[in-house]
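J.: Pasting the feature list from Swiss-Prot:
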- 120: ubiquitin cross-link (CROSSLNK)
- 189: ubiquitin cross-link (CROSSLNK)
- 45: S-(2-succinyl)cysteine (MOD_RES)
- 156: S-(2-succinyl)cysteine (MOD_RES)
- 168: S-(2-succinyl)cysteine (MOD_RES)
- 180: S-(2-succinyl)cysteine (MOD_RES)
- 235: S-(2-succinyl)cysteine (MOD_RES)
- 371: S-(2-succinyl)cysteine (MOD_RES)
- 409: S-(2-succinyl)cysteine (MOD_RES)
- 418: S-(2-succinyl)cysteine (MOD_RES)
- 491: S-(2-succinyl)cysteine (MOD_RES)
- 1-56: region 'Membrane targeting domain' (REGION)
């Protein structure tokens, strides 16, 4: 809930992606200026890097005894005023300029964070650079030794953070919209953040979380490039990446490339940078179509009972964002040969634990004593790799998009949406008279499809007897690709022999 609120807030005020949302309150306490942070390079291009706070600061790992005393500059960052009603509007004034808030979609009230007045604390970089001249990092420090063993992490320092100045309450509301065509409703969770005044009580909230002040809700880091002798450089320019001198790109250890290297786009280092699309954003989908057909074949060749069971468990995962996040974390740890801690499984609610255990069993893992163990055989490896490929895409979908995908499954329009993207012409137009697109002639079904595509930065509109998809030509994101992978995977699971 806290992570969803901070992510939602940054989407409104930080279009360039310079800030990183704090994902939990424990990390908020650890986010001190000059703290060391590890940036974990992910496997797929659409996966956002993961950041983890270390228990030391930059000064703690320098060889010289003289400690660093950073000069801290503090200023106002955001002042937001707005109301949470059925129809909400407002304007945020930030250090990045004014951002207009737009709310729409019948029956769905978008989550909007109102953290009150926020302050920005940042290190004087020029002074820090001067203080760090001729200083070196002790590479024998135990914390750094563990980083060097992993070989796919970058050392960063925290140089800026955004903190609250007032006590806030984050409340979560579960909404079920009207049924679509009398068949199925869309169940979504919305998160509201409001400043508490005079001990106001949040009513009609499923869950409420009180956040004290000051709490860090976002931060930014600078990567370090560390040489063999411990000398280091601050990577201040865009495009300049950190790391350790002995780690070349070809030396970085990625998990079981033999099982995963057949998938498209696997060797892109970071998410969020967009994809090179000289012929338009949708052209990337065309390029990967045949590979995706091949990559999801392990789903198609499963026995019907096995495939149905896996599809059923995945439907339960789609309806719960927290469970999806845990499943993605477990798969990620397994791929990197890290056994998921028993506490992670033990902390889950019994139904969630059952769903996660069932999913792992169905994709080739035995769970013994809380620790998953891969079954022998190439088939099990390919099946798990395929499942990880799909889960990693689903986990990167925007808020409530997974729930919309689940609704599309229940409405049985996933095959039509896959065909729509596959059959589109170069300019994004598709003939609605195509028999495979017949389900989309229904107005309510098409409305659900529009909302799903809109979450992936694709504007879907019906023009007479055709459907047109439009994506931003400027700064295209990876979201259309994530959507297409998600649709293809779900289609393969739901396909009849």
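Yeah, the Cβs are placed from backbone N, Cα and C, and that goes for glycine too.
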J.: Fill in the CA-CA distance, residue 156 (S-(2-succinyl)cysteine) to residue 491 (S-(2-succinyl)cysteine), as an integer in Å.
T.: 40
J.: Near the Cβ of residue 168 (S-(2-succinyl)cysteine), how many other Cβ atoms are there if near means within 10 Å?
T.: 22
J.: Across all the protein chains here, work out how many other Cβ atoms are within 10 Å of the Cβ of residue 418 (S-(2-succinyl)cysteine).
T.: 20
J.: Provide, as an integer number of angstrom, the distance between the C-alpha atoms of residue 491 (S-(2-succinyl)cysteine) and residue 168 (S-(2-succinyl)cysteine).
T.: 42
J.: Under a three-state reading of DSSP, tell me whether residue 418 (S-(2-succinyl)cysteine) is helix, strand or coil.
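T.: Helix, per DSSP.
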J.: List the Cα distance (Å, whole number) between residue 418 (S-(2-succinyl)cysteine) and residue 409 (S-(2-succinyl)cysteine).
T.: 12
J.: In whole Å, how far is residue 235 (S-(2-succinyl)cysteine) from residue 409 (S-(2-succinyl)cysteine) when you measure between their Cα atoms?
T.: 45
J.: How many other Cβ atoms are found within 10 Å of the Cβ atom of residue 120 (ubiquitin cross-link), counting all protein chains shown?
T.: 19
J.: In the region 'Membrane targeting domain' (1-56), how many residues does DSSP put in helix, strand and coil?
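T.: Its residues fall into 18 helix, 15 strand, 23 coil.
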J.: Could you tell me the C-alpha distance between residue 235 (S-(2-succinyl)cysteine) and residue 168 (S-(2-succinyl)cysteine) in angstrom, no decimals?
T.: 35
J.: If you draw a 10 Å sphere around the Cβ of residue 409 (S-(2-succinyl)cysteine), how many other Cβ atoms fall inside it, taking every protein chain shown into account?
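T.: Other Cβ atoms found within 10 Å: 19.
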J.: Could you tell me which three-state DSSP class residue 120 (ubiquitin cross-link) falls into?
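T.: Residue 120 (ubiquitin cross-link) sits in a strand per DSSP.
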J.: Determine, from DSSP, whether residue 409 (S-(2-succinyl)cysteine) sits in helix, strand or coil.
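T.: Looking at the DSSP assignment, residue 409 (S-(2-succinyl)cysteine) belongs to a helix.
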J.: Please name the residue among the modified residues 45, 156, 235, 491 whose C-beta has the most neighbouring C-beta atoms within 10 angstroms.
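T.: That would be 156, with the highest Cβ count within 10 Å.
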